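Enquirer: Let me begin by handing over the structure; questions about it come next.
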Amino acid sequence: MASLGVNIDHIANIRQARRTVEPDPVPFAMLAELGGADGITVHLREDRRHIQDRDVQLLRQTVRSRLNLEMAATQEMVEIALAVEPDMVTLVPEKREEVTTEGGLDVAAQLSGLTPMVERLQQRGIPVSLFVDAETTQLEACRNSGAHWVELHTGTYADASWADQPGQLARITEGAATARHLGLRVNAGHGLTYQNVEPIAAIPGMEELNIGHTIVARAVAVGLQQAVREMKALIQNPRLDPLFGHALG
């Protein structure tokens, strides 16, 4: 059964839209945990467009579940991670012009630069996950980097038409199986919603789903604790679809 990591970046987005002090994402992380979140995820971007350094520092002190720090593979971010010591670091690609992360990290092309970063973090006892597309070449490179975890990019599945979703789901399912065969542990995330999460949650060996925007959007109507409860219920008990043999979207 997959666990739920709640990404609270979008709480910080609201704050930064007015360059003010509220809403503070730190107490919202506590509410997410009260709603059943198994972990809290934040992305400290190089441009600090939403989550700020003080958020990460305070979250490290207050999160009672697990703190997953998403960050670019840069020396600055590695130093921050070593100082904060989150429960996990997820290395992700970044482009300043993007609204949100647009694809997986090209580990195969960046292996020589990523490997020493992975090694340095893991030597300090910080598990490292690499956010990648479900491609064998990338997954093999992840294994070669020394990382023990991958987070499979689900954006293409989330953006696919109804007719194309089964094919995208099969690709991610095969990627998860390949990752496990390589000795990697598997998380997934990006673009998952209340409508499409169940098939991903039903993938064998899926350990954690990191979900943010849809939960924060739902929270506007029902509150964050209830929004988290609803998402966790879908992940824990995905319904089966008799047509495709996987969970209903």
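Yeah, the Cβs are placed from backbone N, Cα and C, and that goes for glycine too.
Feature annotation from Swiss-Prot assigns 3-amino-2-oxopropyl phosphate binding site to Asn7, Arg18, Gly191, Gly212, His213; the stated evidence is sequence analysis. The annotation 1-deoxy-D-xylulose 5-phosphate binding site is assigned in Swiss-Prot to Asp9, His10, Arg45, His50, Thr100 on the grounds of sequence analysis. According to Swiss-Prot, the feature active site, proton acceptor maps to His43, Glu70. Taken from Swiss-Prot, the feature site 'Transition state stabilizer' covers Glu151, and the record attributes it to sequence analysis. Sequence annotations record features per position, and here Swiss-Prot assigns active site, proton donor to His190 based on sequence analysis.
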Enquirer: So for His43 (active site, proton acceptor), how many other CB atoms are inside 10 Å of its CB?
Expert: 24
Enquirer: Assuming the binding residues for 3-amino-2-oxopropyl phosphate are exactly those in the record, Asn7, Arg18, Gly191, Gly212, His213, what is the maximum CA-CA distance in angstrom, rounded?
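Expert: About 25 Å separates the two most distant Cα atoms.
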Enquirer: If you measure Arg45 (1-deoxy-D-xylulose 5-phosphate binding site) to Glu151 (site 'Transition state stabilizer') at Cα, how many Å is it?
Expert: 18
Enquirer: Glu70 (active site, proton acceptor): which of the recorded positions Arg18, His43, Glu151, His190, Gly212 have a C-alpha within 10 angstroms of it?
Expert: His43
Enquirer: Taking Asn7 (3-amino-2-oxopropyl phosphate binding site) as the reference, which of His43, His50, Glu151 (the recorded positions) have a CA within 10 A of its CA?
Expert: His43
Enquirer: Could you say whether, by DSSP, His43 (active site, proton acceptor) belongs to a helix, a strand or a coil region?
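Expert: Looking at the DSSP assignment, His43 (active site, proton acceptor) belongs to a strand.
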Enquirer: Taking the Cα of His10 (1-deoxy-D-xylulose 5-phosphate binding site) as the centre, which of the recorded positions listed as Arg18, Glu151, His190, Gly212 lie within 10 Å of it?
Expert: Gly212
Enquirer: When you put His43 (active site, proton acceptor) at the centre and draw a 10 Å sphere around its Cα, which of the recorded positions Asp9, Arg18, His50, Glu151, Gly191, Gly212 have their Cα inside it?
Expert: Asp9, His50
Enquirer: Which state, by DSSP, holds Asn7 (3-amino-2-oxopropyl phosphate binding site): helix, strand or coil?
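Expert: Note: Asn7 (3-amino-2-oxopropyl phosphate binding site) is in a strand by DSSP.
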Enquirer: Please report how many Å separate the Cα atom of Arg18 (3-amino-2-oxopropyl phosphate binding site) from that of Asp9 (1-deoxy-D-xylulose 5-phosphate binding site), as a whole number.
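Expert: With the alpha carbons as reference points, the distance is 15 Å.
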Enquirer: List, in sequence order, the same-chain residues at least six positions removed whose CB sits under 8 Å from that of Gly212 (3-amino-2-oxopropyl phosphate binding site)?
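Expert: Gly212 (3-amino-2-oxopropyl phosphate binding site) has long-range Cβ partners Val6, Asn7, Ile8, Asp9, His10, Thr41.
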Enquirer: List only the single closest residue to His50 (1-deoxy-D-xylulose 5-phosphate binding site), chosen from the recorded positions Glu151, His190, Gly191, His213 by CA-CA distance.
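Expert: Result for His50 (1-deoxy-D-xylulose 5-phosphate binding site): the nearest of the recorded positions is His213.
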Enquirer: Measure from the CA atom of His190 (active site, proton donor) to the CA atom of His213 (3-amino-2-oxopropyl phosphate binding site) and give the result in Å, rounded to a whole number.
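Expert: Rounded to a whole number, the Cα-Cα distance is 9 Å.
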Enquirer: Hey, how far is Glu151 (site 'Transition state stabilizer') from Gly191 (3-amino-2-oxopropyl phosphate binding site), Cα to Cα, in Å?
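Expert: Taking the Cα atoms only, Glu151 (site 'Transition state stabilizer') lies 13 Å from Gly191 (3-amino-2-oxopropyl phosphate binding site).
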